[in-house]
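Copied over from Swiss-Prot, here are the features:
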type: BINDING; residues: 80-91, 290-301; note: NAD(+) binding site
type: BINDING; residues: R98, R108, R137, D226; note: substrate binding site
type: SITE; residues: Y144; note: site 'Important for catalysis'
type: SITE; residues: K193; note: site 'Important for catalysis'
type: BINDING; residues: D226, D251, D255; note: Mg(2+) binding site
Amino acid sequence: MAVTKTIVVLPGDHVGQEITEEAIKVLNAIQECRPDKVNFKFDHHLIGGAAIDATGVPLPDEALEASKKADAVLLGAVGGPKWGTGAVRPEQGLLKIRKELQLYANLRPCNFASDSLLDLSPLKPEIARGTDFVVVRELVGGIYFGERKEDEGDGVAWDSEKYSVPEVQRITRMAAFMALQHNPPLPIWSLDKANVLASSRLWRKTVEETIKNEFPQLTVQHQLIDSAAMILVKNPTHLNGIIITNNMFGDIISDEASVIPGSLGLLPSASLASLPDKNTAFGLYEPCHGSAPDLPKGKVNPVATILSAAMMLKLSLDLFEEGEIIEQAVKKVLDSGIRTADLKGTNSTTEVGDAVAKAVRELLA
């Protein structure tokens, strides 16, 4: 008998509507081919600028409550110049949902969905080839959630970075879990600024002790964040494995990493509230790119969102095989030359989504 999985869909702003529609199209193809296994129930709600326009707040209570009751959340993108940098901003909805749902771990893979895309990387193919790591970013602590003071006319503003041992232990265990999913286990790289920051010294000490005491079979190496940023351009495969870092450093380094495969439109992400040890962790899934307000309709690449849906199947919905099928379908479509303009292709958003859904049906036939 089919199990019903409830997915809250938060399209958000601008291209968010288009990309979530394509991901749903691919998920529906899974459902069509596995009618006895799964039934997806999609529950749409507002977030970001769209929510501000309709309700005055970036995350309405009903969207948050629905998300808490769901099996997983699929997010499009939030933000845009229309809403500026005023007191109420679209991005506040994203920060709030992360905090309220305790989505403490952000996972952002960086690899090539297909080797046929190597020539699109800003790095030389011989440098970029083989890049394969996951950034595990602590998502609900650090400077983004610390105490702060705005400039109130006195010309002074400040933000504070604070981490506790339990917070660092929790994200370290997530990185260790991800490393142990491979045989042999992947190496772990911990990025910090321990030569300057007290919070980074606590971070480094806690990561080191947690791995040593709880995961002695794993290796962890510490790298200063500025040095890691240089390595990422000069020799990205040196950092292959699992990269663990704090909220702000993770935000920056994962964006730097995201250009290596040639387009932000290729990279998925997952934000988890617990270890996915039974493939049923609650999570929010979204592409790494933003809302692209200047992009004409039909031009956005839906692959990142489709691959985010694949991560959702594998980590939250206990449909690991089906998640891998979506990844295979994406590779098949990209290799066939069906691509959006960011990948030097001529296909529309819906054409790429249609092609992936068709490939899924063929692979599951």
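Any Cβ shown, glycine's included, is placed from N, Cα and C.
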Helix, strand or coil at D251 (Mg(2+) binding site) [DSSP, three-state]: helix
Minimum Cα separation from G290 (NAD(+) binding site), reported as the residue among recorded positions R98, R108, K193 that achieves it: R108
Residue among binding-site residues D226, D251, D255 with least C-beta crowding, 10 angstrom cut-off: D226
Packing count at G86 (NAD(+) binding site) (other Cβ atoms within 10 Å of its Cβ): 7
Most distant Cα pair in Å, residues R98, R108, R137, D226 binding substrate: 27
Least surrounded among the binding-site residues, given as G80, G290, when other CB atoms within 10 Å are counted: G290
Lowest local Cβ density among R98, K299, which the record lists as binding-site residues, within 10 Å: K299
Tertiary neighbours of P293 (NAD(+) binding site) (same chain, Cβ under 8 Å, six or more apart): D13, H14, G80, P81, K82
Binding-site residues (R89, R108), the one with most neighbouring Cβ atoms at 10 Å: R108
Cβ-based neighbourhood (8 Å from the centroid) of the Mg(2+) site, residues D226, D251, D255 excluded: I225, A229, M248, F249, G250, I252, I253, S254, E256
Candidate with the highest Cβ count within 10 Å, taken from the recorded positions R137, K193: R137
Spatial separation of K299 (NAD(+) binding site) from R98 (substrate binding site) - C-alpha basis, Å: 29
For W83 (NAD(+) binding site), the number of other Cβ atoms found within 10 Å of its own Cβ: 19
